There are 2 protein chains.
Amino acid sequence: MSKSAKSKAEKIASAKRDSLLELLRTEGAKIYADLDKGQFPQFYVPSRSVSNIVYDKKLRQYILGKAAGLRSSRNMSQLRSFTQLIWLAFFANRLVHEKKSSTLRDIYYSSQAFAIDFEDQPESDNIIVDLEAVLARPREDFHIFPEERSSVFGDLTIEYTVPGYEGRRTNLSDHPDGYLIGPSLSSAELVDTSAELVIAIEKGGLFTRFVEEKVDKKFKAIIIDTAGQAPRSTRYLLKRLHDQMKLPVVILTDGDVYGEHIAMVIKSGSANAAHLRDLTVPDAKWVGVWASDIEKYKLPTIPMTESDIKRIYDLQKDPRYQEGIWKKELEIFLKIKRKAELEAFSKYGLTNITDKYLPEKLEIAKSL
Amino acid sequence: MSKSAKSKAEKIASAKRDSLLELLRTEGAKIYADLDKGQFPQFYVPSRSVSNIVYDKKLRQYILGKAAGLRSSRNMSQLRSFTQLIWLAFFANRLVHEKKSSTLRDIYYSSQAFAIDFEDQPESDNIIVDLEAVLARPREDFHIFPEERSSVFGDLTIEYTVPGYEGRRTNLSDHPDGYLIGPSLSSAELVDTSAELVIAIEKGGLFTRFVEEKVDKKFKAIIIDTAGQAPRSTRYLLKRLHDQMKLPVVILTDGDVYGEHIAMVIKSGSANAAHLRDLTVPDAKWVGVWASDIEKYKLPTIPMTESDIKRIYDLQKDPRYQEGIWKKELEIFLKIKRKAELEAFSKYGLTNITDKYLPEKLEIAKSL
């Protein structure tokens, strides 16, 4: 438990913090330099408009193109958002220095102490994304977290780096309800695991079932509840488990177009986080529930709504859905116009999904 | 860590399980007895209609009156729900025997293996509540959990009773993102705490802030994130912390009519759980955000919507809102027609809520 000097985890954490602070310092210095030269300070903010978002086949994720907008304190119509961005950078700097975390909503209210006049929370949220784009760092790095929480369970030892817990280690199989993926877990170092696989599953109820059925032991797996669309902190953890711990990632979702897209976002990101890296696992595999599984396993189904069907047509235009299972399964969904939930396997008994479906799909995953 | 024989926690857990199984056995035996006598088996299900729900001033919670409906296998129109209820009792018995947990949705799908023809999930949910009413036990006792999750943090040692973890203890201050209140925590025994207070707070973001600001140490508190309206598992934990560990409970909510009602439900229950005990803390205190705090602390506000105002008129008819702060604050909300969120205190700095507001309100709480 390395009480002596700084542990490796602490060193990594403080290096990460230092590099962010350096980035903020550099941006701040540019402002001062402009002022010294008698020029109006300005920023270049990468454009996040749809026309500047492209799917990069080599990186296998969405990225921003080269378009960037100038935000200048000279331009009266930009002065407001310019000031808001500077203020946010100042506030982020303070959060990181003081090792305090915050939420999107907190930032909106905190601004009022400084007479920063955000119209509403969407306006302040938008400036936060601007700062992410300028720094090419996710807001979590400057300690701004969403409220949404997912969870993780399995044999993974982490070492905390948050104040008061530096150097302390926990094994994520100690609490069988699962561990919340909050600021502390997100900033912890991944120390050790005996797992050989990560299983991300969309539903909390089935996450609990997986723990009860000892999926972690039977399949040497770390299990992650994405709680629907995976929050960024969860995608970041999945990325680290894949890259640092060399673990393959498989994804289990409901058998519908939203489930298919949940898997795709873990694999290759979302358009609205195209300005960020470190949130995608291009090698992740979606193992189901596939549209073809609905017939194969004779699952109870629910008819699709109009909006489900519209969503399929939308995804069919996305470059990522042009081949392989991604294309094929969308076509089958469109043909059968029905969907099935993960819980549908309970029709065959509560443990059918872990006893039968999961091992069969893990076998198939090897060939994907 | 009592490896020898059964620990106290294991004894309590198995006594609880045995009493539920005995209850199910007794109900089942009645069916057999009816059959032996050549009679059509039948059940009495307490009526949960509005006319049978009364607020009990002595118990300080909502309870069901004496009205009960006969559900008989003789009556063709009741045969369907009669059969569903029997099946559910059978399935609950199996869950408890096998120590497996399930969700409301799982039950709906599981029924299909038995050709139990639930129209949709609301129909199966309703039968689950019927079984709760017949047994006067919450569905969690027969291992049916909702998906919703809240969390807890603080110096509280628990001892698990779920399979594979019997006798293992965890201290709930070990993971600074908080511990999920799932099936394992709900069924664990509360062993030891140095805390002198429980603070239930409505927002996950502020829960994290409270942990960061060491509210647990500064105020000798266990902190609970209710994640909005507190799920039943959370209310059950609050009840046990109050009754078994003798801890006072205070509640912090957003400054609006829904916040006030979140506090009231923790204190005296909800009408739709009127058939249950063990989910209320009549001595719990709502310390804010009060409508009067909005002016007092000059908090940033949001205008109320029509539905907020309608909700106030609704609550004014509820017997529990006829006196004290409950009445007074509703009146002020109605007068100012504005609301404020807990995060609004961030206007005065991120730690204002823990440094200033919380200690002031805890002082006031003593006189409530």
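One-based numbering along the chain as shown.
Every residue, even glycine, has its Cβ placed from backbone N, Cα and C.
Automatic, uncurated: that is what TrEMBL annotation is.
Listed in TrEMBL:
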ACT_SITE  B:Tyr109  active site, O-(5'-phospho-DNA)-tyrosine intermediate
BINDING   B:Glu202, B:Asp254  Mg(2+) binding site
DOMAIN    B:80-144  domain 'Spo11/DNA topoisomerase VI subunit A N-terminal'
DOMAIN    B:198-362  domain 'Topoisomerase 6 subunit A/Spo11 TOPRIM'
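A 10 Å cutoff on Cβ-Cβ distances gives B:Glu202 (Mg(2+) binding site) a total of 24 other Cβ atoms nearby, all chains included. Taking the Cα atom of each, B:Glu202 (Mg(2+) binding site) and B:Tyr109 (active site, O-(5'-phospho-DNA)-tyrosine intermediate) are about 32 angstrom apart. In this structure the C-alpha atoms belonging to B:Asp254 (Mg(2+) binding site) and B:Tyr109 (active site, O-(5'-phospho-DNA)-tyrosine intermediate) are separated by 37 Å.
On the 0 to 100 pLDDT scale, the domain 'Topoisomerase 6 subunit A/Spo11 TOPRIM' (B:198-362) averages 95 in this prediction. The helix, strand and coil residue counts that DSSP assigns across the domain 'Spo11/DNA topoisomerase VI subunit A N-terminal' (B:80-144) are 49 helix, 3 strand, 13 coil. Close to B:Tyr109 (active site, O-(5'-phospho-DNA)-tyrosine intermediate) in the fold, though at least 6 residues off in sequence, lies no residue with a CB less than 8 Å from its CB. Taking 8 Å as the upper bound (exclusive) on CB-CB distance to chain A, the recorded positions B:Tyr109, B:Glu202, B:Asp254 give B:Tyr109 in sequence order. DSSP assigns B:Asp254 (Mg(2+) binding site) to coil, not to a helix or a strand. A 10 Å cutoff on Cβ-Cβ distances gives B:Asp254 (Mg(2+) binding site) a total of 22 other Cβ atoms nearby, all chains included.
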